[in-house]
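As recorded in Swiss-Prot, the features of this protein are as follows:
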- 24-44: transmembrane segment (TRANSMEM)
- 57-77: transmembrane segment (TRANSMEM)
- 99-119: transmembrane segment (TRANSMEM)
- 124-144: transmembrane segment (TRANSMEM)
- 149-169: transmembrane segment (TRANSMEM)
- 183-203: transmembrane segment (TRANSMEM)
- 227-247: transmembrane segment (TRANSMEM)
- 295-315: transmembrane segment (TRANSMEM)
- 354-374: transmembrane segment (TRANSMEM)
- 395-415: transmembrane segment (TRANSMEM)
- 418-438: transmembrane segment (TRANSMEM)
- 484-504: transmembrane segment (TRANSMEM)
Amino acid sequence: MIWHIQNENFILDSTRIFMKAFHLLLFDGSFIFPECILIFGLILLLMIDSTSDQKDIPWLYFISSTSLVMSITALLFRWREEPMISFSGNFQTNNFNEIFQFLILLCSTLCIPLSVEYIECTEMAITEFLLFVLTATLGGMFLCGANDLITIFVAPECFSLCSYLLSGYTKKDVRSNEATTKYLLMGGASSSILVHGFSWLYGSSGGEIELQEIVNGLINTQMYNSPGISIALIFITVGIGFKLSPAPSHQWTPDVYEGSPTPVVAFLSVTSKVAASASATRIFDIPFYFSSNEWHLLLEILAILSMILGNLIAITQTSMKRMLAYSSIGQIGYVIIGIIVGDSNGGYASMITYMLFYISMNLGTFACIVSFGLRTGTDNIRDYAGLYTKDPFLALSLALCLLSLGGLPPLAGFFGKLHLFWCGWQAGLYFLVSIGLLTSVVSIYYYLKIIKLLMTGRNQEITPHVRNYIRSPLRSNNSIELSMIVCVIASTIPGISMNPIIAIAQDTLF
């Protein structure tokens, strides 16, 4: 009898939960329409893979790319709409969140054509790769719009789980297995640290989980200046730091970059930073509103360590991917300057603008590395010597992307850094901006060192890898070079295009 009553209660509770979920999806589904497009694309991929043969492989790429482009289109049509909070306060839709979602979708859209030839040559499983990329993109998009602690924890876990699987996709590669193990262990540790920080916020605010309600709860409980908030700030900064990979939370980055498949590294190097930056701005700016001095100091320390260590250690690297790993650590230091400045002096606008340029510069560089690696099988910087004599197009493309990463005028990276540093200078971050300028000069040194190798024509310096280099005969049909051309053009945009980009970015306020 008791079992029967308990069974009936379980059925009633399950029905209520299902009806509530259906009600939320029915009335709030329009607020996540771009995400729904990706979910539909995921389902379609699974259906086609389970019912088709190898001849339908082009359809898998087409569906993935189309769903991403349609999701971007849906975001653009929703631009400038009034900010809305949906799903019982769990998700927020506004211009600020949507521009970060756009950046993530743009990264994924460029990464798929970059991966096609690599997947074919290495005989990787295609469907699973595309599923993981789309699911990680979905997790990143939900993280950008997350408005409560639970969603902020679950969304990056969705992204991280796919990242672990992608980094270990080449199971027979010992370096890939080692990288995945380190990535998984450190990712699990950082997630536990992050949720511990959330628990301090939850308790201090009187049991609130929504970001704005946490602020109100801290005021009501008079806990906004308590030691518990400082503890929460430290734990949350460490947890988010793993996603952003600033120093000293960067230990996993070089190994994962070196051991993972190159298209996976290209995808992770930008999407993880974009999603984590969007989440960091909201977490630091809203729940820690009363602790702005403390988190400014913490981020300044992280930025200084990242810019100095990242760029100095990059000089000593012999692997191209490890060099870019340490370079990315330095780049995130520049991005943190924009987070510290905030809205007051256009910090968020400068950060968004620089991240847009960083996407094109970084993906363009990785497209060149993928193309060179498939034809030579090497990743050593010395093996790039004399590439200009065999493939001038690839050498010039790589040189332009590296120069843009270094911030040389008149390339896009120069104007992105200039605007970012100027906003920091106006906000009074003189020491931080000075460190940024000095480390940018250091980065130009090791980028120019690689470019000098590319352009050398002396036979004694040209390695056998370049002597035996086979140039691609059909450029128009090469998807890697399609991504490369798009990224190189975007990386060399002159300063005349800065004003409209900054104007759009300045509209992305909370």
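Note: Cβ is positioned from N, Cα and C throughout, glycine not excepted.
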Stretch-level contact, the transmembrane segment (354-374) and the transmembrane segment (395-415), CB cutoff 8 A, at least 3 pairs: yes
Same-chain residue ranges lying at least 6 outside the transmembrane segment (418-438) that approach it to Cβ under 8 Å: 300, 303-304, 307-308, 333-335, 337-338, 340-341, 344-347, 349-351, 353-354, 407, 498, 502
Beyond the flanks of the transmembrane segment (295-315) by 6 or more, those residues with Cβ under 8 Å of it: 233-234, 237, 241, 246-250, 284, 288, 323, 326-334, 336-337, 339-340, 429, 432, 435-436, 439, 442-443, 445-446
Sequence-remote partners of the transmembrane segment (149-169) [C-beta within less than 8 Å, at least six residues beyond its ends]: 90-91, 124-125, 128-129, 132-133, 135-136, 138-140, 142-143, 176-177, 179-180, 183-184, 187, 191, 194-195, 198, 201-202, 209, 211, 214, 243, 256, 259-261, 264, 267-268, 271-272, 275-276, 279, 283
Cβ-Cβ under 8 Å with the transmembrane segment (227-247): same-chain residues at least 6 beyond its ends: 156, 186-187, 190-191, 193-198, 200-201, 203-204, 218, 253, 272-273, 275-277, 279-280, 283, 288, 290-291, 294-295, 298-299, 302-303, 305-306, 308-310, 328-329, 332-333, 335-336
Same-chain residue ranges lying at least 6 outside the transmembrane segment (99-119) that approach it to Cβ under 8 Å: 34, 61, 64-65, 68-69, 71-72, 75-76, 126, 129-130, 133-134, 137, 140-141, 144-145, 261-263, 266-267, 270-271, 274-275, 277-278, 352, 355-356, 359, 363, 366-367, 370, 374, 478-480, 482-484, 486-487, 504-505, 508
